[in-house]
Amino acid sequence: MLSRDMNIADFDPELSQAIAQETQRQEDHIELIASENYCSPRVLEAQGSQLTNKYAEGYPHKRYYGGCEYVDIAEDLAIERANQLFGSDYANVQPHSGSQANSAVFMALLDAGDTVLGMSLAHGGHLTHGAHVSFSGKTYNAVQYGIDEQTGKIDYDVVEALAVEHKPKMIIGGFSAYSGIVDWQRFREIADKVGAYLLVDMAHVAGLVAAGLYPNPLPHAHVVTTTTHKTLAGPRGGLILSACGDEAIYKKLNSSVFPGNQGGPLCHVIAAKAVAFKEALQPDFKAYQQQVLLNAKAMVSVMQERGYDIVSGGTDNHLFLLDLISKDITGKDADAALGRANITVNKNSVPNDPRSPFVTSGLRIGSPAITRRGFKEEQAKQVATWICDVIDNIEDEAVIERVKGEVLTLCGKFPVYA
């Protein structure tokens, strides 16, 4: 018999301490990694439930195991809410991650060696959009597009020219470090011109899409993938959506997720996804996403006033890239210095970066997490000021310590979990 009095602290104090330290780190640090966010206690409750004990290979009402009647309810709820949230008529909530979701789409619609056209990792794309170190670049013939050096925006004429030249079987729209608005309709027109599938990876902007603050790719893409964390603020996981109405594609996608890419689904995570989707359907979720945009723009305005270069000249979503080439400071060094000031960012390559991906010349900065803990424009501007102060005085530990103290004071006023 398992006693409910069992706890980690008594049994495994070393691990318990690590968990406690990470919990405190999240409270005491300003989180600006664009792909991170904070789950609600409701999501955490679902993810820590007894649903983790259940094996449920297959799909609701078509399982290979018995005893699935209640996890079927949870998965049905997640599917229904995902479709309601995004306007899709197909949803697969089983992918363990965004990369798994993308892998499943590739396997469903392509054969090994087929040509795909996606955004270059160096210009803001994702590993799974054709990077040579990923399955997407190893298994498939990957052709890459980038952004215009002058505007920092996607040049759709260049994308079209590449599509006409290489005749890809699938074109990928989406990004992991691009601050503009993507024209999904233009992507679909290009895909139709060459007879390609259009896959949109909206992992970074799914929350904004759900709130109606960023163009919804569902009316244009054959298939859409996303993560369920980031701007959606749910558990870590993946999601595949479609509104193309093609049942043959839906069947291929389901078979590609299970048994093609995964075995049993994570029932506790699916339940947590269902909770997160319900949260995203509430009116206050749109207000949150509106503030995410306002905070990102507020930070950009301060940094531009301080003489910093922003890739593409600004932001229209939750993130932006800080280009440090003119400062002759590496992203790695800036990341480390800010970390000592309790400000968490991630080093990131900028277009035509002369430095390696392990060093970089830029930082990627996002506003979802600080907004989640209650920051408004005033606090966002203060954070941007601190970032500039630290980078401008990157070897001055007195400045870094001063900023750290001020960060701790602000974090104390805006706890993540009150």
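Cβ coordinates come from backbone N, Cα and C, glycine included.
Features as listed in Swiss-Prot:
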BINDING   Leu121, Gly125, His126, Leu127, Ser356, Pro357, Phe358  (6S)-5,6,7,8-tetrahydrofolate binding site
MOD_RES   Lys230  N6-(pyridoxal phosphate)lysine
SITE      His229  site 'Plays an important role in substrate specificity'
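Counting only the Cα atoms, the space from His126 ((6S)-5,6,7,8-tetrahydrofolate binding site) to Lys230 (N6-(pyridoxal phosphate)lysine) is about 14 angstrom. Counting every protein chain shown, 11 other Cβ atoms lie within 10 Å of the Cβ of Ser356 ((6S)-5,6,7,8-tetrahydrofolate binding site).
In this structure, the CA atom of His229 (site 'Plays an important role in substrate specificity') is 18 Å away from the CA atom of Leu127 ((6S)-5,6,7,8-tetrahydrofolate binding site). Long-range Cβ contacts of Leu127 ((6S)-5,6,7,8-tetrahydrofolate binding site) within its own chain (separation 6+, distance under 8 Å): Ser99, Leu121, Val133, Ser134, Ser136.
Contacts of Lys230 (N6-(pyridoxal phosphate)lysine) defined by a Cβ separation under 8 A and a same-chain sequence distance of 6+ are given as Ala34, Ser35, Glu36, Asn37, Ala203, His204, Ala206, Gly207, Pro368, in order along the sequence. Looking at Gly125, His126, His229, Pro357, the recorded positions in this record, the fewest other C-beta atoms within 10 angstroms of the C-beta turn up around Pro357.
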